[in-house]
Structures are given as structure tokens and as C-alpha cells.
Amino acid sequence: MLSRAVVVRRLLASRGVLSAANSRLEHTLPALPYEYGALSPVINADIMEIHHKKHHATYVNNLNNAEKQLQEAQDAGDIGKIIALQPALKFNGGGHINHSIFWTVMSPDGGGEPSGDLLSAINRDFGSFDSMKEKLSAASVGVQGSGWGWLGYNKSTRTLAITTCANQDPLEPTTGLVPLFGIDVWEHAYYLQYKNVRPDYVKAIFNVANWTNIQGRFQAAMADS
């Protein structure tokens, strides 16, 4: 029996929404909302260009390839292949999701402190903005190997939470928390500039935190809970 996803794709193809030869919408690399050097001196242009054009682009390309193979496996009813593709889908799909968020939660005009409902929630759940910043920084610095530190929103309890994810595990599918502000602590995000001193990078990234974007994410998450 064909999966629902395959049936939907074929229906779209039959109606001309997707081509019959490629009835799968491909993911694309999102453009940055600022120039590569715009976050300097916090993150220099070389890091941003390599991070975006090489690393994120690789996740996108690999995700498209994995989804193409998944479609072929679903069409063929190859359950073994479908199972074998799950790690690649999780890793590259998570990399695409995480980085698409990451670029937007930073801004050349960022820094300072949040305001409004977000600041009120931070004060309620962490005691103060400085306390939240300290806890998120410690969690991010403490990631063993590669991963992410996150400020997220728990829709069940309607509270903020801090956690980490290993590698490129996406926050919401992994923990249920809605991502608000993520700190990429893979070495490719900072090593060319900060070497192995991750704490300096984590401390500096708050100087470009786009609290307007993060506030918007928070309000959308509250409205959906």
C-alpha cells in the first residue's frame, strides 16, 4: 500500500502542481537577512560565509538527496531502505531547520535585552534576564562535542525552558519545546575566530541576539498553545 505522502505527491503531480518527473518539493538554502560581514566583530564574514554557503548548503543538498531516496524506497515498498534513511533525514533535516532559525535570531542591530511579554516570562521563569543568560550560556558551553543550546517554550506548561541538543537534533521534534533562541556550538560556527574558546563566542553572541525576532517566535508559540 502506498503511503499517504506518496499518494499526495502523485495527486499534486497529476494536477500540474508538481512535475510528474519530480513530484517532490525541494528544500532551498535561505538567503541571509544581512551581509556576511554584518555581524562583525561578533562573528566575522569568513565564518558566516563558510557556515552559510558550505555547511548549511550541504545539509540542504543532503536532505534533498535523502528525501529523493526515501520517495524511491516508499514507491518500491522497501521498508529496510526507509528505516536506513532515517538518520540522514534527522541529521540533515535538523541541520536545515536549526540553521534556518539561527540566521534570523541574530541581527546587526541586535543585543541589549528583550522587552514586553518575553521579558516578563523570562523574569517569571528564571528570576531575571541575567539569570537566564547565565543559564543558557552555561548549558551551551557545556555541550559535549557538537550541538546546540536553546531557549525554548513549553506549550504544555506555557513556560520557558533551557536545554541542549546533540549534533543537529532539531529542538521541537526532539524535546517538544518550541525554538526561540538557539546558539550553534559546533566548532565550524566559531573556531576560525575564537579558536577553542567556546565561552568567549557564547558570551559575544548575545551582542547580536535579535530579540525582536525571538519575541515574535514567543508570541506565535503562545498563541498556538
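Yeah, the Cβs are placed from backbone N, Cα and C, and that goes for glycine too.
Annotated features in TrEMBL:
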BINDING   H51, H99, D184, H188  Mn(2+) binding site
DOMAIN    26-107  domain 'Manganese/iron superoxide dismutase N-terminal'
DOMAIN    114-215  domain 'Manganese/iron superoxide dismutase C-terminal'
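Once Cβ contacts within 10 Å are tallied over all protein chains shown, the binding-site residues H99, H188 are led by H99. Excluding the listed site residues H51, H99, D184, H188, the same chain places H52, H55, H56, F102, W186, A189 with Cβ atoms within 8 Å of the centre of the Mn(2+) site Cβ atoms. Using a 10 Å Cβ-Cβ cutoff, H51 (Mn(2+) binding site) registers 23 neighbours. For the domain 'Manganese/iron superoxide dismutase C-terminal' (114-215), the model gives a mean pLDDT of 98. Helix, strand and coil counts from DSSP across the domain 'Manganese/iron superoxide dismutase C-terminal' (114-215) read 52 helix, 24 strand, 26 coil. For the domain 'Manganese/iron superoxide dismutase N-terminal' (26-107), the DSSP-based tally of helix, strand and coil residues reads 55 helix, 1 strand, 26 coil.
Taking Cβ-Cβ distances under 8 Å and a sequence separation of 6 or more, the neighbours of D184 (Mn(2+) binding site) in its chain are N98, H99, F102, W148.
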